[in-house]
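Chemist: TrEMBL lists these features:
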type: ACT_SITE; residues: 263; note: active site, nucleophile
type: BINDING; residues: 161, 171, 191, 193, 254-265; note: substrate binding site
């Protein structure tokens, strides 16, 4: 999942949805109606399970690098009958007894795609989508203080795009619900991977109004009212707007998060949302229980997660000798 320092909006183009992107805090946008002028250079990554592919290239005569991430949208129960028409073309692959397998081509308005465009893209953007070796980290409170927290403080991650949302300067049309309280309130937005038109891949983010909370590590018993308020009101809002009950939702926080302003993810069960793996997602119900039992749990706990080769945090752990193999003792 993965919101970064960009502002995303949506445009409809037949069956495909093209997104326009802002990379800075200014008002320079690039609007696209098609990929006619996109010149692909190479595939950075692809995932057959999630039907996602990221491609590096350029637009038109521009020499600026662009990264385009395309993902096929899931089928919609509401439009399933449109699949079974003469517009769906079939080509037989093999036949065996009662089983026959086909390749098929769908009409464009049945099964479109979502696209995220990053342009101009820096080398860091390109590197983000390249396959990388991952390493497990068991982050103790001491490692957090000595490695992770100094790294976060040194990076000066821009959160202006988050503040623009919270202050209603940007993306107001995308807000699904808001509690304006500055201590326990939040803004609810659809994740960029969800078009809000079907609930099979429902995925929303609750971004808290309170500033200074970066991640799980900052949470204490003091923040229980905030977390409970987010849980209760998001469940209520999703039931009212999309008729999805809380029993069909997973609510969780990422550690490490994609950006260091506290936010909670909500996605529907059955949809394999990015970042739901055990080495990153922490269920909100578990977070609440931990804080109720021990008010400073996340200042005392060892938290496991992965880092990728080439990422800044991974480099810091390497510099600290975290991944060094222990010296073998001679056999006597």
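Each residue, glycine too, has its Cβ placed from N, Cα and C.
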Chemist: Considering the binding-site residues 262, 264, which residue's Cβ sits among the greatest number of other Cβ atoms within 10 Å?
Modeler: 262
Chemist: When you measure from the Cβ of residue 254 (substrate binding site), how many other Cβ atoms are you left with inside 10 Å?
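Modeler: Looking across every protein chain shown, the total is 21.
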Chemist: The residue listed as 'active site, nucleophile' has how many other Cβ neighbours within 10 Å of its own Cβ?
Modeler: 22
Chemist: Measure the Cβ-based neighbour count of residue 258 (substrate binding site), defined as the other Cβ atoms within 10 Å of its Cβ.
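Modeler: There are 14 such Cβ atoms around residue 258 (substrate binding site).
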Chemist: Please give me the CB contact count at 10 A for residue 256 (substrate binding site), counting all chains in the structure.
Modeler: 20
Chemist: Which has the fewest other CB atoms in a 10 Å radius around its CB: 161, 191, 260, the listed binding-site residues?
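Modeler: Taking 161, 191, 260 as the binding-site residues, the minimal 10 Å Cβ count falls on 260.
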Chemist: Could you state the whole-number distance in Å separating the C-alpha atoms of residue 256 (substrate binding site) and residue 263 (active site, nucleophile)?
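Modeler: Spelling it out, the Cα of residue 256 (substrate binding site) and the Cα of residue 263 (active site, nucleophile) are 12 Å apart.
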Chemist: Can you tell me how far the Cα of residue 191 (substrate binding site) sits from the Cα of residue 263 (active site, nucleophile), in Å?
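Modeler: Here the two Cα atoms lie 12 Å apart.
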